[in-house]
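Asker: Just passing along the structure, written as structure tokens.
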Amino acid sequence: FVLFLFCFFLNTSSIVLQEAKCAYIIIIMAVYWCTEVIPLAVTSLMPVVFFPLLGVQSSKSVCLQYLNDTNMLFVGGLIVAISVEQWNLHKRIALRVLLILGVKPALLMLGFMIVTAFLSMWISNTATTAMMVPIVQAVLEQMDNTEYDVTMMEQATGQTNTVTELQEKNVSDPTTVQVPDDPRSSEEKKMKKRICKGMTLCVCYAASIGGTATLTGTGPNMVLKGQMNQLYPNNNDVVNFASWFGFAFPNMILMLVLAWLWLQCSFMGLNFKKSWGCGTERTAKEKAAYNVLKAEMKKLGPISYAEFNVLIMFVLLVLLWFSRHPGFVKGWANRLFPDGEKYITDSAPAVFIALLLFILPATKPKFIGWNSSMSDPEQTEEDIKKPFLPAPLLDWNVVQRKMPWSIVLLLGGGFALADASANSGLSAWLGHQMTPLGSIPPWAIATVLSLIIAVFTECTSNVATATLFLPVFSSMAASVKIHPLYVMLPGTLSASFAFMLPVATPPNAIVFSYGHIRVLDMVRSGIVMNIIGVFCVTLAINTWGRPMFDLDTFPTWANST
């Protein structure tokens, strides 16, 4: 009610500028997003009400931002990801890779991280973590049970001999015979706890890292894509699926390797003979872990017709994304359609494949002859009871249940804020205030901003963080005449570096809920992970990112004048 009254006052006052009205709503939304006094998605709907009331923008202009091209790309990609989850294709891929890599401690952790990162590139980080953590838990429990059985068998013979010797020596002493404790048992328990912590933490960290590699992998990437189209309509599609993958995938590989080495050092030590098993045979624990993975794989059975169809659709979508506008040659959009590059974006193939998933059958079609008397009567009766058309690969009820609609609204709210900031003059005003930053080297600006985002995203939603900061970074880049992507790319990637707190991101919360780690463990590991992330992003933007996006020049499409 107070908010409505204040909006009425601002709207009736002739002194208050459009920039101030827009800034007021943005500040209110930023506070609501940070404190979560109401759900994030509900806060995202505020521009629909308050921008028209304040005269910043019309309702029609604001509402158009909530289902634009970028949101359709996100929806299409998520529908394909839901189909992969629906038919357990992601679990089959995970188990197959783990069986290939092996079960030595170091290789097992690397296997968990590779599989989690790869799956997070295509399906949501939360779904990947929720699927991987039970597998990790089952493997660790089986290893622990096997180790306990082996230890009990070894101690049984050893303790029998010890008790006999003590009884012979203390025949005259009436006191109770004490069997000395094994000094290794406490150390082994500590080591087991450390391995459990490392194995579970590696999953949530790999999920956050893997999501950065593709444009549809996580929300902040989509925010950047939408903001670029919103703020720079003539940017020549500089951020598309292929260009993002070319920049972010090597960065993901580098981060994954450094994260694996850090977790190895932190929780398992660098004992190569023990961790890698150089020149040693498999222990009982490793055989038990391998048997768990084999048993899980056996439960899935042979690959089904539906899984095979989903796999083909998934591969086809990735190929369509990469070949639409590769950059070094003409893509299929230009070759097959006149002015295709102008009209076709990454959302078109995403929605096309999503449509096919609702049409293609989940079971192999059976062609039944018209003359039923020629076949077995019982079989004909069973066939009559079955529906004429087989069920499709995907059902809308499943999509409706699993689709994160809140993220779609969150993206839309962010695009509405960016559009209002540009049209009201707030972006230009902010840019003018940041002109003194032109004396600071661009690499230093990018590094400092990455650190700020990495800290801020620990207590705020990743998507909300990117939504709030990217328009500001864009204004700053225009004021100091540096390429907008030079600061927006590091900011976007850093928004996914939520490694320190369980509440920072859903994968962290899932891992924390299993009880192996404490908050302090996550904070200690997460601080180093944030430093690794900022280092990798700074390296990427100043090496292969420069020629890829031509970051040394200020582009003409970014010149607002």
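Heads up, the Cβ atoms here are built off N, Cα and C, so glycines get one too.
Worth saying up front: this structure is predicted, and the values here are computed from it rather than measured.
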Asker: When you get a sec, could you say which of 66-87, 484-505 is annotated transmembrane segment by TrEMBL?
Answerer: 66-87
Asker: How about the transmembrane segment (238-263) with the transmembrane segment (443-473) - do they touch, taking at least 3 C-beta pairs under 8 Å (6 or more apart in sequence) as contact?
Answerer: no
Asker: Before we move on, state whether the transmembrane segment (407-431) and the transmembrane segment (343-362) share at least 3 Cβ pairs under 8 Å, counting only pairs 6 or more apart in sequence.
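Answerer: Not in contact, no.
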Asker: Determine which residues of the chain contact the transmembrane segment (343-362) at the Cβ level, with the cut-off under 8 Å and only residues 6 or more beyond its ends counted.
Answerer: 69-70, 72-73, 75-77, 79-80, 83, 215-216, 237, 240-241, 305-306, 309-310, 313, 316-317, 320-321, 324, 333, 337, 389-394, 396
Asker: Which residues, given as numbers and ranges, are at least 6 beyond the ends of the transmembrane segment (66-87) yet have a Cβ under 8 Å from it?
Answerer: 48, 122-124, 127, 131, 215-216, 222, 225-226, 229, 304, 306-307, 310, 313-314, 317, 345-347, 349-354, 357, 393-394, 398-399, 402-404, 407-409, 411-413, 415-416
Asker: Please give the sequence-distant neighbours of the transmembrane segment (443-473): residues at least 6 beyond its ends with Cβ less than 8 Å from one of its Cβ atoms.
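Answerer: Beyond its ends, the transmembrane segment (443-473) has Cβ neighbours at 26, 30, 33-34, 40, 218-220, 223-224, 227, 231, 407, 410-411, 413-414, 417-418, 421-422, 427, 430, 437, 480, 482, 484, 486-488, 490-498, 500-501, 503-505, 526, 530, 533-534, 537-538, 541-542.
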